[in-house]
Each structure stands twice: as structure tokens, then as C-alpha cells.
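**Q** Got a structure here, written out as C-alpha cells. Questions coming.
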Amino acid sequence: MARKMLIDGELEKHSEEETRYDFDLFVIGAGSGGVRASRFSAQYGAKVGICELPFHPISTEVIGGVGGTCVIRGCVPKKILVYGATFGSELEDARSYGWELNEKIDFNWKKLLHKKTEEIVRLNGIYKRLLSNAGVKLFEGEGKVVGPNEVEVIQLDGTKISYSAKHILIATGSRAQRPSIPGQELAITSDEALSLEELPKRAVILGGGYIAVEFASIWRGMGATVDLCFRKELPLRGFDDEMRAVVARTLEGRGITMHPGTTLTELVKTEDGIKVRTNHGEELLADVVLFATGRAPNTKRLNLEAVGVELDKTGAVKVDEYSRTNLPSIWAIGDVTNRMNLTPVALMEGTCFAKTVFGGQPSKPDYSNVPCAVFCIPPLSVVGLSEEQAIEQANGDVLAFTSTFNPMKNTISGRQEKTVMKLVVDGETDKVLGASMCGPDAAEIMQGIAVALKCGATKAQFDSTKSL
């Protein structure tokens, strides 16, 4: 009997002579979103195939790995390095709590690097087992779309195999970009930064987003001198302006040299290191120059436009609110669509895709009140609207409440670093529209506050909640 597919909650009606496909679903890209969509679709009874490039910590156009950016060269290894860097200041503060430590404490970068690599190899294996246990067929090689219902996989030996699929899902994520300046080949991206053989003593970072401030904190926490260059007056464009200023002060307080309104114009290799020239005529010397200047959707080699799939000017796949492209059989989720580029969002989109296409439950991803964190030291975490966004969207008054305090832990250690928390509130309804925090454990705290915002909590309810 012909398989009946559930699309947007309705049974597609086909004759007994309906076209037979090798797979109900073929996914290109086995990162967080692709793996989630594959597993959940298989649980609904779909026959699923997925392809991914061979594994390596540093990606190229033909190197990747099951687990994707987050697991192999993103959130997971980055947080391991953040944890490693945090111990530096923790050990300094420990002396005030009675711990008698030697004046010189050595840090072994190669040991941490080895442990980091062990962990991502372990997770790569776990993701492969998750696919296998769900009955998903994994192909190692480069996938591309050659028709509305056909994919081609270039295997490791160079041979090409084509498979037909009722549905094709693009989940290839994004890749780091490099600005086009003289000497740009001397710089690295976050991929290489997570796998450096030697810890730099001097680092120059170009960029003001998540990756830039996180690596600034990592390298500074491990003892390097760090110069952070960014175009705006404050880092972290798009976040609440007040909290951006807090992060900038904190980074400076940790010893990072800030260069606002600054871009790099040239890199030159010298005997003393890399000479970095800025648009202000400054010259900096570095062992490592990191370009943290954004990421672009990874669609270049997928052949999408040739088969009629629409892309936007950045190369992102255009999709509707159900993640469907202009071709009914081709879908896309995650960073490749350039909607909200966060791993938990890609997971949500993958879940919604599986429910919509194979579960008979039309599901649109909900992008409201998604918490996120920037793992600088200490971290910044937010959920909901910034004050600027709230003012722009609100019909009435917007109220902002900010609390600045010295964490109890710092009163003994003497560390001069304030924690800042902020609520943005609708003046008429008292509903909390956004929350931000910069301070220790901000990410975990904001995860709990996100639940309250999802439930429509008011400022009065926050005020009536007793503290521990």
C-alpha cells in the first residue's frame, strides 16, 4: 500500500501508483537541528536518511562532523574553554577565603585542549548513536540537491550516489566569515581559535559580538593581553544598551583593552609577530589575530538556486513560518535560514518540522521570549525585549527597573565587579517584557526567568516572590 504522508495536518491523497522514493525524508546536515528533525521524523514512522561531512574540529567546505557547529566547534568547546579561563580569577579570589596557594600558578593549555578534543569526539559518537538508535541511515559525505526530490551524496572516495526523497531538509548551518583586508590570511576564525596548538600571549580580536567578547574573556582569563576592536561605541549590538555598557566596563575591569569605533586595515607578518594596523593609525602586535566578524549561511555548494530554491541576499534559504521553501518538497531549519541563530532554536525548528510533516500536528516555531547568553566572564544573559525594543514596539509607557549590587562572594575577595539585573515592564499592564543580567550564573538564572516570561508574569509577581 502507498505511504500516506501527513502534510500541514492533512493527509495527502495519492493513488496506488504513487511515485516510490528511497526515503520519506533526506536531511543534508547532521548538526543539532538536522539530528533532531531526523530522529523525531523517524519516531513518527518516516524512513529517514541524513548526510554529513567527515569529522574534524576545524571545518572547511568539505569537513564537518556529526553534531555540527555547536557540539564540535561552537557552544560546547567554547564553554569548556570559558570554564577553564574562569578558574584563573577563582583561584585569585580563593586566597581571600583562606586557601594558601603558591604565588605562581601554572596553566597547561595543551592539557585543556586535549580534554576539550576528547569531549567533542565523545559527543560526536553519541550523536551518531542517537541517529542509529532512531533508525536513521547516516551517509558520510557531501550532500547537494539535484532536483525537488533528489539528493546526491559525494562519498569520501569521490563516488557519487543519488537518492530520491519525498521531502528534503536543509540543515547545513553557517560558517565563519573573514573581512577582505590585506593580510587577512594571517588571521584565524573561531574554528581555529578553539584548536590552537599554543596559547597566545598577545591577541587582537576584531568584532563586537558573542564570539569576540567570549574569546576576549577566555584568552584574558588565561593570562594573555587582549585588544578588542569593534566598529560601534559598545560591543554586543542588538542587546540592551545599558547592559552593553555593563559588559564593556566589566571587560575593561578584567584587563581587556577596548577599541571602540575601530576596524582593522592591514595585517603584516613580522619577526615579532603580526603587526595590526587600525583605521585610526594605531599599530598593535599580536601572536594571534581573531576575526569574529559574523557568520554566513552555508549554502554555497548545495546547488539550491539551480533547482529553484529561493535564497536571500546573504545566501540564507527563504522559508515560510513552517520552515518550507518555495518548493513544496524542500524545507530548511537552523542557521542556514538566518532567522534566530541559536542551537535551542534549531532544535525547536527541527521538532516543529517533524510534527508538521510527519506527525499531523502543524507547528510553527515560537520565537518569543527565547533566552540567550553571552559567555564572557562574568556572563550576560537576556530573555524577551531590550529597553530599546520595548520602546519601539510598545503603544504606551515602558518602565525599566535596574538593580546593581556587589555579590556576597566579592565582599570577601575584594573583587570590584558589580552584578546588574534589569527588568523592562509594560507601564499599563505591569507585564514583564524583558529581563537581563550580567553577573555570575546569569545564564542559569535567566533560564528560570524565561519560564516566568513565557507565562506572562507581572512585575508585581516578581516583587512578591521571596528571595532565598
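Each Cβ is built from the backbone N, Cα and C atoms, and glycine gets one as well.
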**Q** Pick out which of Cys51, Cys75 TrEMBL lists as the disulfide partner of Cys70.
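**A** It is Cys75, per the disulfide annotation in TrEMBL.
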**Q** Could you pull the average pLDDT for the domain 'Pyridine nucleotide-disulphide oxidoreductase dimerisation' (370-465)?
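**A** Overall, the domain 'Pyridine nucleotide-disulphide oxidoreductase dimerisation' (370-465) comes to a mean pLDDT of 96.
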**Q** Based on Cβ atoms within 10 Å, give me the single least packed residue among the binding-site residues Thr172, Ser174.
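**A** The binding-site residues Thr172, Ser174 were compared, and Ser174 has the fewest Cβ atoms within 10 Å.
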**Q** Out of Cys70, Gly173, Ser174, which of these recorded positions is nearest Val213 (NAD(+) binding site) by C-alpha distance?
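**A** Result: the closest of the recorded positions to Val213 (NAD(+) binding site) is Cys70.
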**Q** For the NAD(+) site (Gly207, Gly208, Gly209, Tyr210, Ile211, Ala212, Val213, Glu214, Gly294), what does the 8 A shell look like? I mean other same-chain residues with CB within 8 A of the CB centroid.
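**A** Here the non-site neighbours turn out to be Ile205, Phe215, Pro235, Leu236, Ala292.
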**Q** Among the binding-site residues Gly173, Gly207, Gly294, point out the residue whose Cβ has the most other Cβ atoms within 10 Å, with all shown protein chains included in the count.
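**A** Within the set of binding-site residues, the most crowded position is Gly173.
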**Q** Helix, strand, coil: count each for the residues of the domain 'Pyridine nucleotide-disulphide oxidoreductase dimerisation' (370-465), based on DSSP.
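**A** Per DSSP, the residues of the domain 'Pyridine nucleotide-disulphide oxidoreductase dimerisation' (370-465) fall into 32 helix, 33 strand, 31 coil.
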**Q** Please tell me which one of the binding-site residues listed here (Gly143, Gly173, Gly209, Ile211, Gly294) sits closest to Cys75 (disulfide bond), measuring Cα to Cα?
**A** Ile211
**Q** Gly209 (NAD(+) binding site) has how many other Cβ neighbours within 10 Å of its own Cβ?
**A** 18
